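First the structure, in the form of structure tokens, and then the observations on it.
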Amino acid sequence: MIEKKSEALCFGGRQQVWTHKSEATATDMTFGLYLPPQAEEGPVPVLVFLSGLTCTHENVITKAGAQHYCAEHGIALLAPDTSPRGLDLPGEHDDYDFGSGAGFYLNATQEPWDAHYHMARYVRGELLDAAEMAAPGLDMDRVSITGHSMGGHGALTLALRHPDRFKSVSAFAPICAPSEVPWGEKAFSRYLGEDRKTWRRYDACALIEDGARVPEILVDQGLADNFLDEQLRPERLEEACRDTGITLTVRRQAGYDHSYYFISTFIGDHIRWAAERLKA
Ligand SMILES: N[C@@H](CCC(=O)N[C@@H](CS)C(=O)NCC(=O)O)C(=O)O
């Protein structure tokens, strides 16, 4: 069952919000879906945007200014939530970087998180199925992925793990090596347990070191981002990609911070980059 919660006209297209029941999370899930004007005429490709810590489906659809570029290129934007909602697991709402708003796009194996926190499975499967149900005009053979911070980590790891599913991947200020930084160590040890070997499939650098490949990656990173050195570490991704055949472009943007002001400045480039690959 899927229910439309809202719809508004935006740059000639439709910005919608939908809610549906998810088996992966065993909760209701909400997502934003922007249908560009071209969706009235025929199937359009889809760009998934995964948001960062503390976000819901709403941040990117209200703050990134993406709809203008999606309308220009005839691309739908699919924006899921960042965690299951409506639960009250022990400690779930205590910290901004763990639990609600911080699902880390993985499949938890540790109690009590393993009953609900399956955001990797959700994004890869049910989210795409629900979007297709919401808008049968979407071309689900042409799907790309991008994201911000924790969502950049999600985009990189999902694309590396499912290179046939996603036609391209890019990221804004991604957590490049979560196993090696405080945000990732905290989340992974609680969701996945203390055995660090199990963390590797949710760490972009480890996945590449273990042989996962995508043809190319675009990253934008603000140099005035407070989280750059402690949490994000784009230089680790550059190291991991060296001599692998992956064409990595990291654009270091002087003066930009971690916020949606940074994202809205460069979102047009990421949508165009995805459009070129979705339409190739
Ligand atoms: N300590 C910060 C960290 C959270 C943060 O910066 N979140 C980023 C993603 S990692 C974000 O997109 N926040 C929501 C927004 O700016 O709209 C806070 O709680 O606001």
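Glycine is no exception: its Cβ is also placed from the backbone N, Cα and C atoms.
What TrEMBL records for this protein:
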ACT_SITE  S149  active site, charge relay system
ACT_SITE  D225  active site, charge relay system
ACT_SITE  H258  active site, charge relay system
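Around the Cβ of D225 (active site, charge relay system), the number of neighbouring Cβ atoms within 10 Å comes to 21.
For the pair S149 (active site, charge relay system) and D225 (active site, charge relay system), the C-alpha distance works out to 11 angstrom. Note: H258 (active site, charge relay system) has non-local neighbours S149, A173, G222, D225, N226, F227, i.e. same-chain residues 6+ apart with C-beta under 8 A of its own C-beta.
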